[in-house]
Amino acid sequence: MDNTAAHFDSQIGVPVELQRRLTREHSAQMHRFTRSDEASIGGGSCVSSRTPTKDAQPLQIETHLATLAVEAAVALVINGIHYAVLMASPAQLEHLALGFLYSEGLIQHSGELLDWEITAINSVEDLQAFAPANESRLIESQAAVNWAHLLSDYEAYVVTLVLNQRCHQRILAQRRQLAGRTGCGMCGMTGLQQALPDLSAYSRYATSDEASSSPSYPVQPVSVKQAAYGRGDNAINGRADNGSPNSSADKQTRPNLEQLLQIRALIESTQATHQLTGAVHAAATWYQGELYVFEDVGRHNALDKLIGWQLRNQVALEFVVMTSRLSIELVQKAVRCRLPWLVGMSAPTSTAVRVAQRYGLGLAGFLRDNRVTYYGDNV
């Protein structure tokens, strides 16, 4: 087990050096209307005034330092090929890279990743050293001071990955051409077929022939233990006996409302970066009595970090809770991992529900206000 990751993810406190990497302070000015009987705001530089209308509320203006989340450009260089650039929170990048490789279908198990190295780009020389040849010449032809200014505004990292030889053709076939935005899990795809993958081999209801051609980890449908929820110690196999989604076996493994609300409360108290900034998503899971939370400015990045941690430690998960909506790219990632249940604090999309049901992924949304909604024909 990756104890370092577990220790970080289960603690509310953020180490100072990590906080400096994930957040920055900026000058800000907050304007708000207040009730006439409300006390003046304490702290900061405060000015009170009234608008001309008779019944207007007092306007409070507070100047302060705002703690904001960092979104960094993370370049993935795979076997010497500049494959993709992600906009992500610059923490747990090794988990992000591993989860991304698996979600993209570039690796079938963690053993195919032979080595990796993470480098922060702190100077023009660093930028030149890691840039593709054509971009390196462009950097040389332009004034170095311009690039220095850009690097003072942007933060960049390069994750250099070495995969075994059998993965090389996959890299060439699926290479992305564009940078990905923070909120986009499919940006950079050059063909429509890349956005519409056939995930039959990953289905939790795959036949034995289909399973034989699917990735070697996990090799079987995920086993769900009710004991994790304090409901007994009987292990229930996640596959339905009749091979169809949403059967009685799936209903038994479905996390109930009480369990999910407890998990939500724990997530909210554990999301350290979100508490500081209000600007990051999280993917969370419960494993062996511990909550693991992976934060990122991109919801798909947060899930990739969790998947990377799962692969690295070779653990079987019962469910994942996302603090975001459930969009199609999250469902596709969950299906590839044969995850039994994916739960969101916001709504799923229609496409996400249809794809989840086809491949046997349980889907639930609107985990809030003492309620949750399960989606599917026979839930």
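In case you wondered, yes, glycine gets a Cβ from its N, Cα and C as well.
Features as listed in TrEMBL:
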{"type": "ACT_SITE", "residues": "CYS184", "note": "active site, cysteine persulfide intermediate"}
{"type": "BINDING", "residues": "PHE366, LEU367, ARG368, ASP369, ASN370, ARG371", "note": "Mo-bis(molybdopterin guanine dinucleotide) binding site"}
{"type": "COMPBIAS", "residues": "243-253", "note": "compositional bias 'Polar residues'"}
{"type": "REGION", "residues": "29-53", "note": "region 'Disordered'"}
{"type": "REGION", "residues": "233-253", "note": "region 'Disordered'"}
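Positions of the features from TrEMBL, shown on the structure.
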| residue | record | Cβ neighbours (10 Å) |
| --- | --- | --- |
| PHE366 | Mo-bis(molybdopterin guanine dinucleotide) binding site | 17 |
| LEU367 | Mo-bis(molybdopterin guanine dinucleotide) binding site | 23 |
| ARG368 | Mo-bis(molybdopterin guanine dinucleotide) binding site | 13 |
| ASP369 | Mo-bis(molybdopterin guanine dinucleotide) binding site | 7 |
| ASN370 | Mo-bis(molybdopterin guanine dinucleotide) binding site | 8 |
| ARG371 | Mo-bis(molybdopterin guanine dinucleotide) binding site | 10 |
Cβ within 8 Å of the mean position of the Cβ atoms of PHE366, LEU367, ARG368, ASP369, ASN370, ARG371: remaining residues of the chain near Mo-bis(molybdopterin guanine dinucleotide): LEU261, MET345, VAL372
Three-class DSSP secondary structure - PHE366 (Mo-bis(molybdopterin guanine dinucleotide) binding site): strand
DSSP-derived structure type at ARG371 (Mo-bis(molybdopterin guanine dinucleotide) binding site), helix or strand or else coil: strand
